Amino acid sequence: MPQTVRAYTGAIRDTVKSFWHGLSITLSYLARRPTTVQYPDRTPMPVRDMLPPRYRGFLEVDSGICTGCQACERACPIGCIQISLEKDAANPKQRVVTQFDIDEAKCMFCGLCVEPCPTGSIQHTREFEGTHKHIRNLVFRWADPMNPFPVYKVDKNAEYYPRVPLGSLVRQRLETMAWDRSAPQFLPPEPPKPAEAKPAAKAAPAAKPAAAAPAAPAAAAPAAAPAPAKPAAAPAPAAAAAPAAPAAEAPAAPAAPAANPESK
C-alpha cells in the first residue's frame, strides 16, 4: 500500500514538473524580439524595397526603346507574350507595334524573355502584388492598337540605352487599377455565323434527245461471186442400240387335278 501511494504521488509530481518545463520555454519567447512581422501593415518599409535587386516580379516594357524584334515572344516557353507589328500608314518604311500583351497571371517568371532583348526594354521588376477579382486584369497591354508606337532603331555603337526607372510603369498600372473592376475584353468579338443555306430545289430532268433518223441505205455493192460449196459432212454413225432387257417370265399356272375314273 505505501508503495502504491508513493508511485501515485510521484506521477503527479512528474506531470507538474514537465508541464512547467514546457511552459517556461514558451514564456521565454515573450521577451524576445519577433523574427516575423505582419504583412503588409507593420513592415518598416515597402516590401518591394526589401527584396533583392534581381528579384523576378512583374514584367515591364519600356516602349521608348523597344525594337519590335519579337525575340522575347519567341523565347517565352509558355507563350504569355503576344506582339504584332504593322507598317505605318503615313510612312510605309516605318514599322509600328500595335500589340504588346503580357499575361502576368500565366508568366512563370523564368527570365528567358529578358536575356535576348537587345536594349533591355523588357525587364523584371520587384512588384508582385497583383490581387484582382478577375484574372484578365493581369494581362498588361503595353501597346495601344489605336495609337501604336514606332520601333526603336538600335545604335550599334551604344553601350547603354536609357530607360524609365525600373518598376515605375508597373506600379502606376497597379495603383490605378481597382481590384474589383470588370474584366476587359481582349479577344475580338466572334463574327456572326452565316445563315444556313437552304437546299436548292431539284432541277427538272432534261428532255431526252430525239431519236436520230435512220441513215439512208448505202448503194448496193456489186454481187460477189458465189463461194464454192463446202462438201457435206459424213453422217454420224447411229448409236448402237442397247440390248433389250429380257422379258419377265410369268409364273406358270398350277396344273388342274386329274379326273378320278372311279368317281364316274
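Even glycines carry a Cβ here, placed using N, Cα and C.
As recorded in Swiss-Prot, the features of this protein are as follows:
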- 57-86: domain '4Fe-4S ferredoxin-type 1' (DOMAIN)
- CYS66, CYS69, CYS72, CYS117: [4Fe-4S] cluster 1 binding site (BINDING)
- CYS76, CYS107, CYS110, CYS113: [4Fe-4S] cluster 2 binding site (BINDING)
- 98-127: domain '4Fe-4S ferredoxin-type 2' (DOMAIN)
- 183-264: region 'Disordered' (REGION)
- 197-264: compositional bias 'Low complexity' (COMPBIAS)
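A simple way to gauge crowding: the CB of CYS110 ([4Fe-4S] cluster 2 binding site) has 14 other CB atoms within 10 angstroms, across all the protein chains here. Taking the Cα of CYS110 ([4Fe-4S] cluster 2 binding site) as the reference point, the closest of the binding-site residues CYS66, CYS69, CYS72, CYS117 is CYS72. Helix, strand and coil content of the domain '4Fe-4S ferredoxin-type 1' (57-86), in residues and according to DSSP, is 8 helix, 9 strand, 13 coil. Taking the mean position of the Cβ atoms of CYS66, CYS69, CYS72, CYS117 as the [4Fe-4S] cluster 1 site, the remaining same-chain residues with a Cβ inside 8 Å of that point are THR67, GLY68, GLN70, ALA71, CYS113, PRO116, PRO118, THR119, SER121, ILE122.
Other residues of the same chain near the [4Fe-4S] cluster 2 site, with their Cβ within 8 Å of the Cβ centroid of CYS76, CYS107, CYS110, CYS113, are LEU59, CYS72, ALA75, PRO77, ILE78, CYS80, ILE81, MET108, PHE109, GLY111, LEU112. Nearest by CA distance to CYS107 ([4Fe-4S] cluster 2 binding site), out of the binding-site residues CYS66, CYS69, CYS72, CYS117, is CYS72. On the backbone, the CA of CYS66 ([4Fe-4S] cluster 1 binding site) and the CA of CYS113 ([4Fe-4S] cluster 2 binding site) stand 13 Å apart. Here CYS76 ([4Fe-4S] cluster 2 binding site) is positioned 14 angstrom away from CYS69 ([4Fe-4S] cluster 1 binding site), judged by their C-alpha atoms. Looking only at the binding-site residues CYS66, CYS107, CYS117, the densest Cβ neighbourhood within 10 Å occurs at CYS66. Under the three-state DSSP scheme, CYS107 ([4Fe-4S] cluster 2 binding site) falls in the coil class.
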